[in-house]
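A.B. asks: The following feature annotations were taken from Swiss-Prot:
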type	residues	note
ACT_SITE	Asp73	active site, proton acceptor
BINDING	Thr7, Ser8, Asn9, Lys10, His11, Lys12, Ser74, Phe154, Gly155, Tyr156, Asp157, Lys177, His182, Arg183	substrate binding site
BINDING	Glu38, Asp73	Mg(2+) binding site
Amino acid sequence: MKIILATSNKHKVLELKEILKDFEIYAFDEVLTPFEIEENGKTFKENALIKARAVFNALDEKQKKDFIALSDDSGICVDVLEGNPGIYSARFSGKGDDKSNRDKLVNEMIKKGFNQSRAHYVAAIAMVGLMGEFSTHGTMYGKVIDTEKGENGFGYDSLFIPKGFDKTLAQLSVDEKNNISHRFKALELAKIILKILTKG
């Protein structure tokens, strides 16, 4: 049994392949002609399931016997922004690029009179195959700051300091980040399900 990732985000593909290295993983565009998926769910879990279903349903009948579609939906929830950007994290600025999203988050926080805030990341993992639909989730707590620090990672990593650390995610090594991240926690649970589904 193989896994097709329901994402074309190169950063996510690399991170997912690293964490799921015990499995045979294919990026979306290695198996299918890429297509747009409308993420109109109201929660991370709903959006993850929408993406995994869309990719699984695009496979032909033979591929459906060989593949499980796996999707991640994740984002950052900032306390002083009443939980925003949340499920809109990837398109918070309306431009869809990481730098614009980070700039908007900092500007919104400063407008409210804060230069930092408690925040948490959420990741939902959805798996869809002939055996059914499954989902897991993970959370990472910490705070966001108003100044970018570090060169690693993507998204809001350069603004987020995990609880118990004095560095942003972008200042941590890949291994350090993967050991504490919301996505890692959700994927560790997903691995248990995948091991059962991929037997035989």
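Glycine is treated like the rest: Cβ placed from N, Cα and C.
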A.B. asks: Taking Asp73, Asp157 as the recorded positions to compare, which has the smallest set of other Cβ atoms within 10 Å?
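C.D. replies: Checked Asp73, Asp157; of these recorded positions, fewest Cβ neighbours within 10 Å: Asp157.
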A.B. asks: Does Gly155 (substrate binding site) have same-chain partners at least 6 apart in sequence with Cβ under 8 Å from its own Cβ, and which are they?
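C.D. replies: Non-local contacts for Gly155 (substrate binding site): His11, Ile76, Ser89, Ala90, Asp98, Asn101.
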A.B. asks: Just to verify: the residue among Thr7, Asn9, Ser74 with the fewest other Cβ atoms within 10 Å, which of the binding-site residues is it?
C.D. replies: Asn9
A.B. asks: Name the secondary structure element type, per DSSP in three states, that contains Asp73 (active site, proton acceptor).
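C.D. replies: The residue in question, Asp73 (active site, proton acceptor), is strand (DSSP, three-state).
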A.B. asks: Using DSSP with the three-state reduction, classify Glu38 (Mg(2+) binding site) as helix, strand or coil.
C.D. replies: coil
A.B. asks: When DSSP states are folded down to helix, strand and coil, where does Asn9 (substrate binding site) land?
C.D. replies: coil
